[in-house]
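Peer 1: The structure is given below, and queries will be raised subsequently.
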Amino acid sequence: MVDLLWGIGGMAGLLLIAFALSSNRRAIRVRTVVGAFALQLVLGVIVLYWGPGRWALEKVSAGFQAVIDTSSEGISFLFGGLLPAEGEGTIFALQVLPVIVFFASLTAVLYHWRILPKIVQWLGGGLGKLLGTSYAESVNTAANIFVGQTEAPLVIRPYISSLSRSGLFAVMVGGLSTVAGSVLVGYSLLGAPLEYLIAASFMAAPGALLMAKILMPEDDPEAVAREAELVVASSHAKGGAATHPAGASASADADAAVDGAAATDGAAGDVPEGDGDAPADRGRREDDDASDSLSHSNVIDAAAGGAADGLKLALNVGAMLLAFISLIALINLLIGTVGGWFGAGDLTFQQILGWVFAPVMAMIGVPWEEAAASGSFVGQKIVVNEFVAFAGFGPEIDTFSPKTAAITSFALTGFANLSSLGILLGGLGGIAPDRRSEIAQLGLKAILAGTLANLMSATIAGIMLG
């Protein structure tokens, strides 16, 4: 009972923070907020508390792990005797980064076969009907469950320039609250429980819309109407018939919308031109290279293109970890040197972050004696990035109580960190260059919203697993 009341208080605290920082409290739509919160909570109950739901999550995790294990064949072929024997630890560059390449290739194949697009359309349509969010917001959020913050917006590329400020913010928060499947496997190989990562990815989707629509509710009906016109025009051009996206459904030819956004010769060219500089055309001119990541001529091309994209991602992750972990060591050296003058030579950057975020972790259900240690990893995730946090958390996970380990795992599963600002500005700003300055202005608030969404999932996990 204490854990339940504690968790309820934590959820209330997170909602109060979001409400206090809302840009327009009077414009908050009760249906959207209540629906998103209820969906996030119900998902948590199903996969973390309800027996059949937990069994299903375990089976999905086992299947996911089996797919991960198949990558060992390719890794062994490339690196052979360089790999450590089983039980002798993990060489990150040889055993984690190659899995990212494999999963990026697999994701590209699943997109080419239209398996992921159909799932995204189904989930996005369900979110729109339940929450009353627009077509672009709903589909982008669903896509973010499977692909990253730069790839997901390609699915709604023709509509991004016409989005309202609230809609653009929701797209940003959707990317920051979730993680791509290709890097999710990397977190699991670092020691985070795979079933928690999968559950967190799905729970973060409604959580993102919850926090986005509290912090920046929709107050521009004209922009919503413009988006609706684009969706209808695009669907009609493809031979379908779409209903108003903000009214909860974009029913007709769901595949046509994804085709048009993901393919290089899709709906971007079918949107009526108006003044000769349609939003879709502006986004398309800036993003021809990006669109190639979701458009391939055949399955071989998809697998090869996905592997190439995965290699870029893996190299980026490796370089980022090398740089950031080394920089943290340098910061610790400086802090320790200065601290030594005052008798605190063992003070570290991680300890400082732990003290700063300990009250937050205690609020969402972490026992106080573990709050500083847990808060340290959450702080690293926000200030540096989630890979650095998982790299430190994975080896230490067994030192935490099961409840704290679960809460921390959920809190870390998201791209909401300062490092993501540049990625978001480059990716989303490239699709809609006319909105680049607005994206930059909304960046910090989007990180806050993404963090609150992750913490809400973590709080729910603490209640269900406590």
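These residue numbers are counts, starting from 1, taken along the chain as shown.
Keep in mind that glycine also has a Cβ here, set from the backbone N, Cα and C atoms.
Relevant sequence annotations retrieved from TrEMBL are reproduced here:
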- 10-82: domain 'Concentrative nucleoside transporter N-terminal' (DOMAIN)
- 93-189: domain 'Nucleoside transporter/FeoB GTPase Gate' (DOMAIN)
- 196-462: domain 'Concentrative nucleoside transporter C-terminal' (DOMAIN)
- 263-295: region 'Disordered' (REGION)
- 6-23: transmembrane segment (TRANSMEM)
- 30-51: transmembrane segment (TRANSMEM)
- 91-113: transmembrane segment (TRANSMEM)
- 167-190: transmembrane segment (TRANSMEM)
- 196-216: transmembrane segment (TRANSMEM)
- 321-344: transmembrane segment (TRANSMEM)
- 410-432: transmembrane segment (TRANSMEM)
- 444-465: transmembrane segment (TRANSMEM)
Peer 1: Grab the same-chain neighbours of the transmembrane segment (410-432) for me: Cβ-Cβ under 8 Å, and only residues 6 or more beyond its ends, written as numbers and ranges.
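Peer 2: For the transmembrane segment (410-432), the far contacts come to 148-150, 153-154, 157, 160-161, 171-172, 175-179, 184, 187, 192, 196-197, 199-201, 203-204, 279, 282-283, 286-287, 290, 320, 361, 364, 374, 377-378, 381-386, 389-390, 393, 439-440, 443-444, 446-451, 453-455, 457-458, 460-461.
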Peer 1: With Cβ-Cβ distances below 8 Å as the criterion, list the same-chain residues six or more beyond the ends of the transmembrane segment (91-113) that contact it, or say none.
Peer 2: 67-68, 70-71, 74-75, 78-79, 82-84, 146-147, 180-183, 185-186, 189-190, 262, 293-294, 296, 298-299, 301-307, 309-311, 313-315, 317-318, 321, 391
Peer 1: What are the DSSP helix, strand and coil residue counts for the domain 'Concentrative nucleoside transporter N-terminal' (10-82)?
Peer 2: 65 helix, 0 strand, 8 coil
Peer 1: Averaged over the domain 'Nucleoside transporter/FeoB GTPase Gate' (93-189), what pLDDT does the predicted model reach?
Peer 2: 91
